[in-house]
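J.: Have a look at this one before I ask anything.
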Amino acid sequence: MTFQRFVATLLEVERASSRIAMVKMLAEAFRELPPEEVPLAVLLLQGRVAPEFEGLEFGVAEKEAAKALALALGRDEAETVQAVKEKGDIGAYALEVLPRRAGGLSLRHVYGELRAIAEDAGPGSQARKRERLSRLVAEASPEEAAVILRTVTGRLRLGVGDATVLEALALAFLGDRAKKPLLERAYNLTSDLAYVARLALEGEEALRQVKLEVGKPVRMMLAERLPGPEQIMEKLGPHFAEHKYDGERVQVHFDGERFWVYSRRLENITHQYPDLLEALREVQHGPFILEAEAVVTDPVTGEMRPFQNVLNRKVKHLTPELLEKYPIKGFVFELLYADGEVLIERPYSERRERLERWFRPHERLELSTKRFVETTEELVQFFDASIEAGCEGLVCKKPDGDYEAGKRGFKWVKYKRGIAGKLSDTLDLVIVGAWLGRGRRAGTYGSLLAAAYNPDEDRFETLTKVGSGFSDEDLNEVLPRRLDPYRRGERHPRVWSLLEPDVWFEPVQVIEVEAQEITLSPNHTCAFGAVQEGRGLALRFPRFVRYRDDKSPEEATTTKEVVEMYKNQWA
Ligand code: AMP
């Protein structure tokens, strides 16, 4: 396929009026491609040349890309850099200044060049990257160059969710959108869309055969909520409850030599945990995949410290001082693979038994504390004990539940402390729009329009306006810096809203919000009609708690969860 055709598809998709239309356009484009180019197109759609977990980044800052553009145009470097800065979008600037010409690049060639740019590293790589980029831009049409330049600077934002790509692949190669679950399963096990695309081309059997692989992150299983201990006992019966540690969830892979650590968002965060990996290397020798909660402990007392402490490790160069100041302990709670055996389809009780036999203690490693509970009383007692031990509560696990990759279900239920007069849990919502402020807030955002995620429709449905809980710094600096790059003139096709805010955003930024109550509302679209005809759900007295950069928009609270919370709030 020509790159021009690919670029035309991107433009069409951006202007699509609905998600179904997006799926159809993408499927049509996928079908036109020669099979070996489908995985490349899937990657380029995400603005990447390798799956995110591989951590292969372009390493081209906007200034460098502007210099490459200057070189391609034969213009002055400093002037071009300045002009790009003023325009604010290198793609838009390229569209203005590049001569009108037909491109004629092939998709394969562009992918190959972009990949070479990403892979180039070490001394002199900046200059080589710049030259390669400039040659590519010099051959491209203005539209092609805009996409190339936005891609290398990480600013290609199409807002095509993974679920939409999977659905388009199902329609293109299995002939039916309804076959998406087959692709979803493969994706949940490997987190690799390009690989799933290759399997879809081979057919249904190949998709059914797929297994997890050491090195490729498994999409994490998540926990549902219930309002209290009685409801948990009712739903799960006698079960295993585990302490809920307040740290960062990590999935650790080991192939016998090399380690990988993945975050909940499946980013490669191996470099953040050298001490944890050293501990594992000392006590484990064969390949495995485990999950643990990484908790920072007090260097003197050894007591657990709250989640925020983990953030201190999110720096480029983790120094020995930082490691000493914020020592880590891994509380291991899952074993997905060990001794050559995939364990995720086994029941929890069997996986846990395997984990206990396999586990070797170390001062930096501990098994999650668990207890078999048979009555509500025992559950409450164990909950109190967990709080006393410095945990957030419990995760209750169904003895016969398998590990459901990428799913949130009632095989795991979290039990956190409720605050009197408030919903017992907070919600993670995606900002999709905003109203401009008045009075004291003039010139900034007055309130934000926040939405829950509906995975069945792959869309964001509005739940609330949030205006309180923000500091002056949030309003004047942090919010504009975080949100302005995502402003758009009209509603994003994946957002469903009845309200018309002053500005719209791409659904990117996730925030945690607390509230007092969930009510029915004719103005919000969250779970519209699910509880009552003509009504959606809304939050009463919402309040911003914190930014949740560790969550992708698709990991926001789902509309189904909001319905559950609505039904459970008086229980
Ligand atoms: P939440 O983030 O509120 O949906 O709660 C689920 C999270 O609790 C998981 O993603 C883990 O990061 C964390 N967690 C802490 N301890 C455990 C445990 N013993 N089992 C499972 N998850 C745990």
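Cβ coordinates come from backbone N, Cα and C, glycine included.
So TrEMBL lists these for the protein:
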type	residues	note
ACT_SITE	Lys244	active site, N6-AMP-lysine intermediate
BINDING	Glu242, Arg249, Arg264, Glu293, Phe333, Arg408, Lys414	ATP binding site
DOMAIN	331-454	domain 'ATP-dependent DNA ligase family profile'
J.: What's the CA to CA span in angstrom from Lys244 (active site, N6-AMP-lysine intermediate) over to Phe333 (ATP binding site)?
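T.: Per the Cα atoms, Lys244 (active site, N6-AMP-lysine intermediate) and Phe333 (ATP binding site) stand 10 Å apart.
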J.: DSSP-wise, what's the residue breakdown of the domain 'ATP-dependent DNA ligase family profile' (331-454) into helix, strand and coil?
T.: 27 helix, 54 strand, 43 coil
J.: Translate the DSSP assignment of Arg249 (ATP binding site) into the three-state scheme.
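T.: In three-state terms, Arg249 (ATP binding site) counts as strand.
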J.: Looking at the recorded positions Lys244, Arg249, Arg408, Lys414, which have a C-beta within less than 6 Å of some atom in ligand 1?
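T.: Correct list: Lys244, Arg249, Lys414.
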J.: Far apart in sequence but close in space: which same-chain residues, 6 or more away, have a Cβ under 8 Å from Glu242 (ATP binding site)?
T.: Phe333, Ser368, Thr369, Lys370, Leu394, Val395, Cys396, Lys397
J.: For each of the recorded positions (Lys244, Arg249, Arg264, Arg408, Lys414), count the other CB atoms lying within 10 A of its CB, then report the residue with the highest count.
T.: Lys244
J.: What are the sequence-distant neighbours of Glu293 (ATP binding site), meaning same chain, six or more residues apart, C-beta distance under 8 angstroms?
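T.: Same-chain residues close to Glu293 (ATP binding site) (Cβ under 8 Å, separated by 6 or more) are Tyr245, Asp246, Gly247, Glu248, Arg249, Val250, Gly330, Phe331, Phe333, Ser368.
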J.: Mean pLDDT, the domain 'ATP-dependent DNA ligase family profile' (331-454)?
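T.: On average, pLDDT over the domain 'ATP-dependent DNA ligase family profile' (331-454) sits at 91.
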